[in-house]
Each structure stands twice: as structure tokens, then as C-alpha cells.
């Protein structure tokens, strides 16, 4: 009887252990399925956020990236994409914080380093940006975008030769990359290699026929060469492909004023202001044109607005001073000329160098304009 009792107890214990093991396995499967479900949900919300990001609906994108992160707190790509949306909303510090979280969860995330660098560049911290571009390149040696962006930061630091080296590496890895040729054109222009700059803008346009910025910058180089009508045609192409491009309207206005087509010039400055009401340069150009029309008081009013939006831009004060000379207000003119020199102590030397360069290029129209400004500045400052 005892043996039967022991056998019964043993069977019961074995069944209990078996049931416990089955329950534990079922619990483990439930947890695994739950994790799997959360990862699937995270991916789905990430994809929705990415779609909103492509549509430039940044707030909706951020909301979906946040839900993705809720389901998967270590989702590096979600932090990175959220950073991109925040950057486009000009929330640069928050963007950097999200890139840092992306890097925390994925230390070799080249794209996150590149994007973090872009935000630093927008903050004017180009030296720091270059450090992060280098990290992006370390983890992805053929990363064309990082070479392009590193070049842009070097250019902002005035290191145009080094910038071109990076653009050339970008071109090596992607020979049909329009941004690399466009950026190289900018560097060449700043180094005074005008014809080479045009050649690179042309290549950029070949690979992207609707590249409005390339048409615009080619237009600027043509202005420098005194090819005003050709420049206008390129500004028109820039406007065709980007009808809201305030810069193209403004610079077309400048060329029209050089051709003494002043009413058209004012009209284009007004269009520039329409598309970007806070842009100091548009009011500056309009003020210059009104000055040439002899509308000195209106010129001063527009230059005051330019100063409001860009108070440390020396040329604003220079042009205002010239208009005040036209009004016979010599004391106020002198004050403005002195402010121009304060904000750019090298302004006279720079204008003399520009006058010399324009004369060498046989661009007598703009050279004469610089000469007249120099004469007034030297006389009344």
C-alpha cells in the first residue's frame, strides 16, 4: 500500500513540474510575441513617420517617430529621422539631442554623425561640424554626402582648396553627383577661377537639368564677367524651376539696375521681398536701385529695414550713407560710413581689390559702380 502511495505522489509531482514547465514556456512565448509585436508596431510607425517626412509634414512625422520610439526605445533610425524633422523645423538643439540618442544606440551610425554635423553647421559651428563629418566618413568611407557637407563647412571657413579636395572625393565615388559639382563651382568662384566655376555649374546642370541653384550661381558668375543678358537668362531659369526663389529675383533686379532698367529692377526686388519678407539683402538691393533713381529718401527707408534685419552688414551703412549724401545730410552720411568701416574695417581695401579685378575682366559697368562708391566713401568718411 505504501508503494502505491509513493508512486501516486511521484506521478503527481511529475505532473506539477511538467505543468510548471509548460506554463513557463507559454509565458516565455507570450513575452517573445509581445516583443515581436512591439517591434513590428515600431517599424510600422517609423514607416508612417518617414512618409510624412518625405511630404515635409514635420510635426506629423515627429509624432509617429515618437510612437515608434515608445514601442522600441533603442530604435536608432527613429531618433535619427526625428532629428532630421526637427532640423528642418530649425529646432537645431533638439535635433542634435536626437542624433546623440541615435548614436548612443548605434555607435557606428554614419548618417547620424553626418546629420549632427549639418545641424552644427547651421549653428555656425563649422569646426565642430567637421569633426562629426570625419566620424561619418570613418564609419562609411565612401559616404558621398559627408564629403560634400564637409567641403561646405570648409568653404564657410574660407578653406576653399581643402573644400575642393572633399568635393573631388565625392565626385570620385559618385561621378554624376550634381551637388558636388555645384559646391565645387562655388569654391572655384571664391578662388577667382571663374571659367572653371562655370564649367562645374554646367556639369551640375547636366546631371540635374532642373537644378535652380546651379542656374542661379552660374548667373552670378556671368554677372562678374559682365555678361548681363546671359546672366538674366540664367536667373530666369532658376526662377522657372523654383518660382519662390527670392535670391534669384533679387539678383536679377541687381543686373537690371546695372542695365539702367530701374523700374524692372525695383519690381524684382519687390518680388524678392514678397517671397522672403525678412531678407535684408532684398531691401538693400531695392535701396541701391532707388538711389540710382534719385529717390534718396525711399532708398534710406529701405536701407533702414535692411539694417533692422542685418545690423552688422557693412554695405547697408555704406549705401545708406551714399543716399544721405544725395539728400545733403553729410553729418549723418559720415556716421553711416563710419559704421560701415566699423563692421568691416577692410571695406575700402576690398572694394579697391574688386575694382581692380573687374577692370581686369573688362567689366567696366560694375567696375565704375565700385569706383564711384569708393570715391564717396573716401571723401565723406
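Glycine is treated like the rest: Cβ placed from N, Cα and C.
Now, the feature entries from TrEMBL:
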- 42-75: repeat 'TPR' (REPEAT)
- 76-109: repeat 'TPR' (REPEAT)
- 110-143: repeat 'TPR' (REPEAT)
- 144-177: repeat 'TPR' (REPEAT)
- 178-211: repeat 'TPR' (REPEAT)
- 212-245: repeat 'TPR' (REPEAT)
- 246-279: repeat 'TPR' (REPEAT)
- 280-313: repeat 'TPR' (REPEAT)
- 314-347: repeat 'TPR' (REPEAT)
- 1-23: signal peptide (SIGNAL)
### Summary
For the repeat 'TPR' (314-347), the DSSP helix/strand/coil residue counts are 28 helix, 0 strand, 6 coil
### Query
Is the repeat 'TPR' (314-347) packed against any residues at least 6 beyond its ends, judged by a Cβ distance under 8 Å, and which are they?
280, 284, 287-288, 290-291, 294, 296-297, 299-300, 303-304, 306-307, 373, 376-377, 380-381
## Note on the structure
Same-chain residues at least 6 beyond the ends of the repeat 'TPR' (178-211) with CB under 8 Å of its CB atoms are 144, 147-148, 151-152, 155, 160-161, 163-164, 167-168, 170-171, 217-218, 220-222, 224-225, 241, 357, 361
### Task
Average the per-residue pLDDT over the repeat 'TPR' (110-143) and send me the rounded value.
98
